[in-house]
Structure formats: C-alpha cells, structure tokens
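Q: Sharing a structure below in structure tokens format, with a few things to ask.
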Amino acid sequence: MRRGAAWALLLAAALGLGARGVRAAVALADFYPFGTKRGDAVTPKQDDGGSGLQPLSVPFPFFGAEHSGLYVNNNGIISFLKEVSQFTPVAFPIAKDRCVVAAFWADVDNRRAGDVYYREATDAAMLNRATEDIRRYFPELPDFSATWVFVATWYRVTFFGGSSSSPVNTFQTVLITDGRFSFTIFNYESILWTTGTHASSGGDADGLGGIAAQAGFNAGDGHRYFNIPGSRTADMAEVETTTNVGVPGRWAFRIDDAQVRVGGCGHTTSVCLVLRPCLNGGKCIDDCVTGNPSYTCSCLAGFTGRRCHLDVNECASHPCQNGGTCTHGVNSFSCQCPAGFQGPTCESAQSPCDNKVCQNGGQCQAESSSAVCVCQAGYTGATCETDVDECSSDPCLNGGSCVDLVGNYSCICVEPFEGPQCETGSYVVPSPCLSNPCLNGGTCVDADQGYVCECPEGFMGLDCRERILNDCDCRNGGRCLGANTTICQCPPGFFGLLCEFEVTATPCNMNTQCPDGGYCMEYGGSYLCVCHTDHNISHSLPSPCDSDPCFNGGSCDAHEDSYTCECPRGFHGRHCEKARPHLCSSGPCRNGGTCKETGDEYRCTCPYRFTGRHCEIGKPDSCASGPCHNGGTCFHYIGKYKCDCPPGFSGRHCEIAPSPCFRSPCMNGGICEDLGTDFSCHCQPGYTGHRCQAEVDCGQPEEVKHATMRLNGTRMGSVALYTCDPGFSLSVLSHMRVCQPQGVWSQPPQCIEVDECQSQPCLHKGSCQDLIAGYQCLCSPGYEGVHCELETDECQAQPCRNGGSCRDLPGAFICQCPEGFVGTHCETEVDACASSPCQHGGRCEDGGGAYLCVCPEGFFGYNCETVSDPCFSSPCGGRGYCLASNGSHSCTCKVGYTGKDCTKELLPPTALRVERVEESGVSISWSPPEGTTARQVLDGYAVTYASSDGSSRRTDFVDRSRSSHQLRALAAGRAYNISVFSVKRNTNNKNDISRPAALLTRTRPRPIEDFEVTNISANAISVQWALHRIQHATVSRVRVSVLYPEDTVVQSTEVDRSVDRLTFGDLLPGRRYSVRLTTLSGPGGAEYPTESLASAPLNVWTRPLPPANLTASRVTATSAHMVWDPPTPGISLEAYVINVTTSQNTKSRYIPNGKLVSYTVRDLMPGRRYQLSVTAVQSTEQGQLHSEPAHLYIITSPRDGTDRRWHQGGHHSRMLRNRPAPLRLPELRLLNDHGAPETPTQPPRFSELVDGRARVSARFGGLPSRAVTVRSQPTTPVPLKNTEAPEQARLALQLPKNNSKDTESTPGSCSEDTCQNGGTCVPGANAHSCDCRPGFKGRHCELACEKVPRPCTRLFSETKSFPVWEGDVCHHVYKKVYKVHQDVCFKERCQSTSLKKLKQESN
C-alpha cells in the first residue's frame, strides 16, 4: 500500500469507518457439545426458574473472588451467590450481590419452546478444545492448560408471551479455568428476538422493541461491570454478526481479575492499540475479522454512538410520572415531584402509611389522614408488635400441655390421648392386682368389681391375712371347748375369740356387792347401789344406764329400778362382759362357701364344684378343656359351661369373627363400610387415606404473576391471599384461594394491569399511554404537562440531533442541520461520497457528513484536483513523516522531535527514580529535561507502566509543572516497567513524544497477617504460617526474624515459599523472644525493593526448666518428702505445682513460692504406688508459663512396716526397709574384716534398700563405712567396732539371680520375668509389677508411648494477698485466683510394640 493510502485508512478507522462483519453466526456444529446424550442436565420448565445451586468441583475465579457454586437461570444468565429471577434486564452496574455472567439476559420462557442444558466437564476432549481456544484468543498465555469446563446452552428458547410458533434463540456460555485464570466464551447461533411481551419489558408480539437483552458481566458491587456492545438496544438482534476473536457470533473474555479483559488481535493487527478511538471511557474491542480490521466500542452507562461520543438523554423517554420534572445527568436522571407524589419517578402517591411501620407482616391501611395496621393472625397492637398468647384460654384437654405459635397453638398430648385439643382417647384402668394385694402367697384374680384372692392352705380372709386355727390357741388361761373348734372359755377378766382382750376394771366390777340385791351403777368416778327397797323421794334420780354398764358394745335398757344389757353377737353376761366367739367370723369356708352356725358348731355350704368340711376339695372343671376360642372366658354352671366372648366375637364357643368394621378402623370420624373380608372408609371432609388417617394437604400453591401471596397453611380450609402489585387489579371478585377437600386449590385469581387511560385524562387531543400503576399523556404538537394542559416550546425537548439547532414554531419545530446531516431531527448522516467528488482516481472515504479523498501518488487537493505533491521536497526531513493535504503538507514527527517540520528536539526527563514502594502503588520522581528551551517545548509527561508479564498496561498524563507521580491500583509483589515520556500536544490530536526514561521496579508483596506458635519448650520455639494461593502468588521466599533477649541485633533466616514452618533451637529457658515474618518476591539480589512490611511482632516466652535432681529423701506410710535443686540463677520463679497421681486420680497443689526447694506430700495411703511430679511456674506479662514436669515414682510403706519404694525418672524401683534391732546382737562380723570387737556391740538399727535389679544397699547406724564384696568362699571374719558416734556403714550386696536352684518361686516373685522392652520386675506380696523404662507403659511394658503436642488451655490457680484493716491492725488475706492460659499440651499416644513390629515386618 502506498504511503498516502495507508494514512487515509488509519484516519478512516479513527473516524469510526471500517466495515462490520458480514451477517454470520456460529454453527451448532461449532458449539461446545451439549444435550442429554452428552450427559447434560436440564432446568425445569418454569417461568423465571433455574437449576438451583450447582456445587462446583473446583473454585471458579470471577472478578477477583473464587466461587464454589453457581446457578443456571432460565432467563439467559449464569449467576453466583444467589439465583436471579428478574426477567427484565437491568443496566449494569448492579449491586446487591447480582454477580452474573450474561450471554443474553432477557425474559426467556422455556415452557413454550426450547430447553436449557448444563453440565460440568473435565474429560480430555473438552479440556483440549478449551485449551486450544484460549491459547488462540489470548496469545499472551501460550502455556495455558484448561483443567475444568462448564457449558450452559439455551437451545431454541422463546420469549415470555410467545408460543410454540414464535421466534426462537440459540446461544451458549462456556466457563473455562486452570485454577488461576478464568475465561468465558459466548457462542450465538441465531438471535431472532430480544424482548418479552411483559409490560415491564415492552416487547411486541415478535419479541422485538422495548428493553432489549443485556449481555456482559457484573461484579455485583455496583461499580465493576462490562457490556457487550449493543446491550439493551435493538443492536442485540445482530449480536451473532459481531465478534472480538475473528469468528462472527463468538466473543471471548478473561474474567478472573478485577477487570474484564477481552481477547482478540495481536499488536500488529490491532486497530484499538493504534488509534484508541473510543471516547468517554469506552472500551475498544478489536473485531479482528481476517483481512478487514475494525473495532467496536463498549460504552460506559450513559453514553452511546459508534465512538461513545453521544450522551444518552435519559429524560427523552419521559420517565417522570404524575407531572414530575425530569433533570438529565450523565448516565442518570432525577425527578422533581409535585406535591402529593414521591418515588424515583414520582410514581407513588404520598400516603399516611409512608411513615407507618407495621411489624410481623402487618399491612398498613390508610384511613383519611391516619394510618392503621391490619395485623396478621396471632398479632395485635398499634404496630402489630404483640404476639397473641393463644394458650391463655387453656385449650388443651386431658392434661395436655399447650405450645404458643404465631396465630395458633399446638397441644402436646399425654398417652393415650390425641387430637388437636387432646380430646380423643380414654384412660386405661389398671388392673387391681397390680398392687399385689393378696398376702401370704395368695393368688390375685381380676373380678368385675375388684379382685378375689385365692388363699394358700392355712390362710383365709379377703386378702389371705388370717391364719386358719387347727389347734386350740386360747390365750390368757382360756380353755378350748371341743376338738377342731375355735371356741375358748375365758377366765374372769378376759374375753374375745381367743380370750385376747382384758376386761377393763370399773368401780362396779371390782367385787362390789350392793345389799338387798341392788345393782351397782357407776356415778361420777364412784358407784351407786340402786336398792330394791321403796324410798319416798321428791327429786328425780339418775338413770341406771347413766353409768354405761354394758360392755363390748352392748346397749343398756333402763327400767324403774334396774337395767338390762342387750349384748351384741358374740358376747353374753349381765353386762355383756363374757365373749361368745362367732364361729363363722374367722371365715373358715373356702372357695366361696357359706358358713352357718348351729349351737356351738358351724357348717359350710359349698358352691358348685367344691366339697369338704371347709369346701377345700375341688370337683372336675368343665372349662378345663378350654372350649372358648378367640380369647373367650369360660364360666361354670351345674354340669355346664358358658363362654363370655370378647367384643366383636359371638357363637357358643366365640368362633364367629367380628365384622371388619367392628373395631372402628376409620379415623377422624370416617364411616366404615363392611366389604366382607375387608373394609372401606368414607372420610370426613379434610381427611384422606385408607383409614382417613391423613389430613388433606394441597401443597404449596403456584405463584400468580404480578401478585404477592400470603399463606396460612396447606391443609383443607387453608387460605392463600393474593395482593396485586401496584398498577394491577384482580380479574375476579375473590382475592383468595381455598384448599378444597379434594386436595387441590381453588382457581387462582389473575392480576390484570389497570388501564388508567379509561378516564381519558389527556387534554387537547393528547393520546393516553397506559403504564404500570400510572399513565402518560402523549401530547399533541404544541402542548405539554401531565395532562397536556400547557402549551409547550417544542425545542425544550432538544429534538435536533447531531448538533442541529432548533427553531420553535406554533405546534411544531424546524431543525437546522449541520453539514453532513439531514432529516426532521438531523438524524440521517449524508453520504458525502455519493457524488463521487474525488478526481484522478482518488478514493472517497465518508466520515460524519464530510468526505476525504485519498489521492494517488502525484495528486493532492481536497478532491485530488492538484497534480503536485507538497511532500516531494521532504520538508519533514528524516525527523518525521510528511502528509500532503490541499496543496500543503503536515509532518508527523518521529520519537524525540516536534514542531511544524519536526525541527525541534524533544528531550526525555532525567534522573528518574523510585521514591517509595507500597503493595498497591509506587511513587516516582524525575527532573525536567536539561535546558530552558527543552523545558519550554514540552506540555507535560506521559507516564506508562506495565506489568512485566504484559497482563496490564496504563498511561497517565502529568502536567509539566509536576515532576513526581503516584502509580496506583498495582498488584502486590509484581514487577513493573515504568517509562516517562516528554509530551508535546498538537492541534490535530496527534501528540509528539520523546524517548522514554525507563526503570524497572517491583511492588511490595503482601505480608503474612496470621502465623502461630505450634510448640514451645525450654530451649525451642516452633512457628507456622500459610501463604494464600492468590494473595501471595508472587512471594518467592519468607524471612523469619528473631530478636533474642537483651540483644539489639535481629537474627534472620530466609526459607523457600514451599516451607511453612520453622523451629528455633538452642534458646534460653524462661526468656521472651520476638518473632517477625517478612515476605520476599522477585529474584534474590535484585536492586529494587522486594520485601513486604514486617508483620506485627509475636512475643513468645520459652518454658522454664523443670526442677533438677528431683529425689525423695524420706518416704513413710502416709507422706513423702521431695527435694530438688534451686532454679537457674537469673530466673525468677513464681510458684511450683505439685501433682500426686494414682491409678485412679490426680490431685494438684499450687505452692506460691518460687524459691521452694523441698516439699512434703502428705495424706498418702499406705502401701500404694504414686507418681509425684513437680512443675516450675514462671510469671510473664502473657500469663503463667509452666515447665515440663519432673517425675518421681514412689511406693509408700505399709502400716505394719516401714518399707518404701520410689524411682526417679527412668531409674529402677527402690524399696527402703527399716529393720528394728534384734533383741540381742553381741557381735556383727563383716566377711572381709579381721579381728573381733573388743567390746560387745550394741544393737544397731539398719536399713536396706532394694532397687529392683537384684541389688541391696544396707545402712547401719553407729558403724564405720566399710565395703563388702561377695565372694565364692568366705574370708576370715572381720569384727565390727562399736562406737558411740552416729557413724554409718554401707554394705553393697549383690543378690543371686532368680534362677538359682535354691530360690523359691512365689506368686509375687520375679521368677518368671514377663516385663518387656527393658522393664524391671518388682516383686510384690501377691503379684509382681513391671517398672517400665521411659517411653513404655502397660502391665508388662508392652506399649510404646509418645507425646504429641497440641494447643490447649490450662486453668492455673494463683494465690494473691490483699491487705485488710481490722481495727487498727493491717494484715493480709490470701485469695486463690484462677486464670486460663493458652498453652501447648501433650497428648500421649500408645501402640503395642508387638503390633508395631508386625507392621514393620510386613512392610
């Protein structure tokens, strides 16, 4: 191409010229494979529905965040975070977590036509195809390899309001990732509709017009988004003809970063990189159709046009309702509402309910100038704030407990009651025999009115309480009358059946004799003799019965001068004082026999089937053969029987079965129908099931579009109330649906849009347009206002486009169009090349109403009419490129030059340097070019900074008055190439630049915010950290720094990023250390900063040393005295913790004395084995630090002896025996000494120590220390000298091994040593035990144990003193305070050594 023609082509591209792709689309064969045969799932055929949450096998990065699940929505989008049922697309950006990938967001209705398929794919064929596509469309990522693909396909779907014959669309979304980068590919096969017919979308019957589909990406934060060109405009019908990757109908994007990046051309074929034609922040997208380079501008919201150069007038659609005034802004509008209206578009009339908040679902109802809350069932109060307690009326019966619910209650019934109010059921009467009323081994039998006791031989009575008397048991000297009878003749003063009762002494029965045969009468504690002799008295005498002379319940009958006693049955005598036993009172007749007395005898009349004196002999039982079936009860008659059948059965032997309906199998009032061997239940309304056991449940009713539903349940009689959205009214009289007895809901209502135009509100022949919850008047020319009541200036609406000027006329206007535009509104761009103005073969290029002739070589001029080339003389020299135009030339200067003919040198800035480096920014500075002339030439500086991998690039312009700049929004830990150019701005929008001043720097990596200490000992600290896969992706090394105590020099260690833990050893015990972490990025030794800010220091204390040389100096039956070395100089301890452990429990004692070097443990049990441990406690500002415990094992002495055992650490057990002196010890000889003592020795006391290894040490009091050696033959005896000084002698005796022939094996001996792993056998009284080496446990030391560290919390007690005044004396009160301290605990894990050895041998 010739030079002039090349520049013309570039100029044409800058003006927005250049061919778009021809009508094409991606064939279905070029889609990623889909369909049920490929294993795809299909979304439900539901309006505005979707797939529900689909968990992902790998996280998917999107806008800088990772997502583990997604939703495939029927309306053409894939959403994260939550499902999106919005069917009318909303302009991006959108907040409220609307995180979406939109291939074609519109009102899809797959119920009418089409399917929505989706699947997650990781097979090799899909991954290979995705890898090839991404490497082709993003050549800067040649090493990309896909590991996961998700495919969603909307196949032949139609729009809401369409039918099976309406136009259909097919498009596809493909998500691809390798775990780090993520991409989206959109494939469009046919796009025949863009809009649904719902009123909010505004589409026509063909699915066109109104608010068209939205395509692009939205981060959900209200800020970040990306639109595919044509979104929400009629151009979406042509989306299958556009592309950014050279394939019409296919778009590819990278979407893992904070901003969407488009795929496309290389640097050599990119129009966007050369011209940058998009204005007002628009995103330039190369179309990259092979052989025809072109571009498309993705405009920010609020701008439109080929180059995003036109500001969208949001007021043109008259969004403000009810007379509101619209004010236009950039990508926005605002409405100034008239009085009585409110809302973003003045759509809502102000109501008293605007400031009334009804709680708990209450609905506000305006009444004149006030507002009232209509509460939901179960709530009351002015704002429905009070929950009604439905349990206050005690609705639950039969002991049921009531649970208050919202608008209802529930009864929890006790068995056997049930029902909504526990009203159904009855108590089961317990058997009277459950209390075992029969005594003395009697058998209880249930009866109709109670129970009957069958008594064993020798007992009788209702509960077998009375014993049958076979012999005479008369008491108090009574005499038995007759054989085998119970009649006793009692001596004077006693009465009763067995003469068991003593007659009470009274004044009249103590041998008192009245003269003349008079009778005695008690009177006032004395007696009175009533004589037979007549006496004349004038006053009344007391009655003879006043003294109550009759005993034992006898009744007194008074006569004139005497009385008689009428005795009760069983007594006789004048005063009823003599007992006559009732022979039948003892119940001698058994088995229901009737007792009758005859004189001094009784006779038993026996019932059927019994005989004998006492009816004790049974007759044959006719019921013994069990003739009654089905649980019938057999009753005896004289020679006969009768069956008492259970309910439902009949017949002589209860052999006839009841009807299937007998037991009332139908529940809840159902009517039972007998079907012979089966039954059928006719249920009451509201119940269903074979036995009417289930309530009718209609399920969840379907939603009604444009309506809000309130539901009080799904059982029969439940009601679903529907409230139409504003602007809609019910199509039927009822606004509710009722759950019917058949288990289905009644017919739903429909919300039909209200036609507010029926009242003809528009004046002056204005036409009314119905809106949702309102209307809009389209006024006739010359009128305006809410109701077209005002005459208007037609030019106020700015009807003239493309810079045309408006002239107002009565009821009309005229647009005076600028050159290049025609039409009523100057809307049509004139094809300036239609008249072929270019001469001499010049090529005409149209642009914005004007034309440009690209002249062949040798011609120039506006129409190529001049045959001369102003550039022939090379006016620009070698410093620029010459371009001829209209007989003149212009120079495009090369880098480093400027001026009309590029004669001035444009010098770069000097002394470029980095001032400060942060995680997301870099501050740089420079010096202006040297020389006054060089400084005056430039207009400013261009600062270009790009990441070293080429993933991002930005250029900022800096005024020439400044010499520093802050680069922002950089990625942490990345290397950036920074170039600063001197810039000279020209009038033709072509800028001249100098050579760059460049440098390479790297931002700081992100620090490690969280790291932890995993283990602490007396001389080591272990720390652990974690690097985030994305946030620390640029970190190459980690520096761990430690500041030692009393040292100002920080010691550091650097480790590779693969290392996540480090242990510092050789530390001092009980000291504080400060640990810091710093991340490093970039190669080592780089000259620019590569390290992050240091993390906050973590102060850690090492543990103090455990007490050293812990020993037991004295062990008794109930105590043990321990001693240990003082702590290391320079370490100040606060306390010690003494733990006493047995096989059953552990007791801990806190001793608040850090200088303690000994302690006596008391209250021990004799002859028991104990583990004693001592832990040192050091106090720090972080709390208390505990050392590892020092252990000591002891065995206390038995009470009848003073033997003691202990062992220290891993040493063998020792046993200390204190032996009393023998009664007489005249002489003690040692085997290796000579001579005899001069004087008889006194009885010495000695102690011997058995250490469990067949060695004995003995200590003698009052003897010199001499060694004893065991020899095969004894040597000459050596006498021991007896001295008065308390000197001691030690004898070390080597005991023979247990396998000696003369060793007797006892149950507690160690003759058979079963201790494993080096354990030492310790003999005992009844059995031996094993003293295990450290690291082993078990009865035979068969378990290998290790301590595993883990973080834990410890509860420590601390004794503090508080000064208290009492009177004039100050003293201290000690109080124990408990603290919780974070610590590292050790959990012991044991494993059998035999099992461990077996595993090692198997490996």
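Our numbering is plain: 1 for the first residue shown, then up by one each step along the chain.
Quick reminder: no glycine exception, Cβ is built from N, Cα and C everywhere.
Feature list, courtesy of Swiss-Prot:
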| type | residues | note |
| --- | --- | --- |
| DISULFID | C299-C308 | disulfide bond |
| DISULFID | C315-C326 | disulfide bond |
| DISULFID | C320-C335 | disulfide bond |
| DISULFID | C353-C364 | disulfide bond |
| DISULFID | C396-C411 | disulfide bond |
| DISULFID | C413-C422 | disulfide bond |
| DISULFID | C628-C643 | disulfide bond |
| DISULFID | C645-C654 | disulfide bond |
| DISULFID | C683-C692 | disulfide bond |
| DISULFID | C724-C751 | disulfide bond |
| DISULFID | C762-C777 | disulfide bond |
| DISULFID | C855-C864 | disulfide bond |
| DOMAIN | 696-753 | domain 'Sushi' |
| DOMAIN | 1106-1200 | domain 'Fibronectin type-III 3' |
| SIGNAL | 1-24 | signal peptide |
Q: With Cβ-Cβ distance below 8 Å and at least 6 positions apart along the chain, what are the contacts of C645 (disulfide bond)? List them in sequence order.
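A: Long-range Cβ contacts: C628, N630, G632, G651, C654.
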Q: Given the disulfide-bonded residues C308, C396, C751, C762, C855, and counting only Cβ atoms in the protein chains shown, which has the most within 10 Å of its Cβ?
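A: Selected residue: C855.
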Q: Which ones, of the disulfide-bonded residues C326, C353, C396, have a Cα no more than 10 Å from the Cα of C413 (disulfide bond)?
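A: The disulfide-bonded residues close to C413 (disulfide bond) (Cα within 10 Å), listed in sequence order, are C396.
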Q: Does DSSP give C315 (disulfide bond) helix, strand or coil?
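A: DSSP assigns C315 (disulfide bond) to helix.
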Q: Given a separation of at least six residues and a C-beta threshold under 8 Å, show me what packs close to C724 (disulfide bond) in the same chain.
A: H706, A707, L730, C751
Q: Going by DSSP, how much of the domain 'Sushi' (696-753) is helix, how much is strand and how much is coil, in residues?
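A: Across the domain 'Sushi' (696-753), the residues distribute as 0 helix, 24 strand, 34 coil.
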Q: Under the DSSP assignment, what numbers of helix, strand and coil residues are found in the domain 'Fibronectin type-III 3' (1106-1200)?
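A: The composition, in the requested order, is 0 helix, 48 strand, 47 coil.
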Q: Going by C-alpha positions, which of the disulfide-bonded residues (C411, C422, C643, C855) is nearest C315 (disulfide bond)?
A: C855
Q: What does the structure give for the C-alpha distance between C762 (disulfide bond) and C320 (disulfide bond)? Integer Å is fine.
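A: With distance taken Cα to Cα, C320 (disulfide bond) is 16 Å from C762 (disulfide bond).
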Q: About how far apart, in whole Å, are the alpha carbons (Cα) of C864 (disulfide bond) and C777 (disulfide bond)?
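A: Spelling it out, the Cα of C864 (disulfide bond) and the Cα of C777 (disulfide bond) are 55 Å apart.
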Q: Counting across all protein chains present, how many other Cβ atoms fall within 10 Å of the Cβ of C692 (disulfide bond)?
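A: There are 21 such Cβ atoms around C692 (disulfide bond).
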Q: Please classify the secondary structure at C654 (disulfide bond) using three-state DSSP.
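A: Assignment for C654 (disulfide bond) reads coil.
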Q: Could you measure between C692 (disulfide bond) and C422 (disulfide bond) for me? Cα positions, answer in whole angstrom.
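A: Cα-Cα distance, C692 (disulfide bond) to C422 (disulfide bond): 18 Å.
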